[in-house]
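Visitor: I have a structure here, written as structure tokens, and I will follow up with some questions on it.
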């Protein structure tokens, strides 16, 4: 009986495996979009990465946007973090997408860099969306 259940589970996992750009992704989760918006009067440096992907360094003008899309992994452990800077001054490194926190909060996750820190917005309105304060 155990062998039959094991074979059925392996078959289901095999059916859920998807091919994309030459890579195999088993049972991927929902497509998620992250956007960072600079609402400051200065240039904002942004460098985002995950364990597997490095999105490189970007400079956002006032009103500038930077974003990307990804699939949340089926283990719900997807994590992206971003470092922020103003000129040569580090403003902080923060978890911009953390599946255990954000998968139920947003599929379109918008982050707004303001004078005092990073504000997070999703489909469900939050009373105080200030997630992270800048380092002083």
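Using N, Cα and C of the backbone, Cβ positions are placed for all residues, glycine too.
Pulled from Swiss-Prot, these are the listed features:
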type     : residues : note
SIGNAL   : 1-17     : signal peptide
CARBOHYD : 76       : N-linked glycosylation site
CARBOHYD : 108      : N-linked glycosylation site
Visitor: From the Cα of residue 76 (N-linked glycosylation site) across to the Cα of residue 108 (N-linked glycosylation site), what is the distance in angstrom?
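Guide: Roughly 16 Å, rounded to the nearest whole number.
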Visitor: So for residue 108 (N-linked glycosylation site), how many other CB atoms are inside 10 Å of its CB?
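Guide: A 10 Å sphere around the Cβ of residue 108 (N-linked glycosylation site) contains 13 other Cβ atoms.
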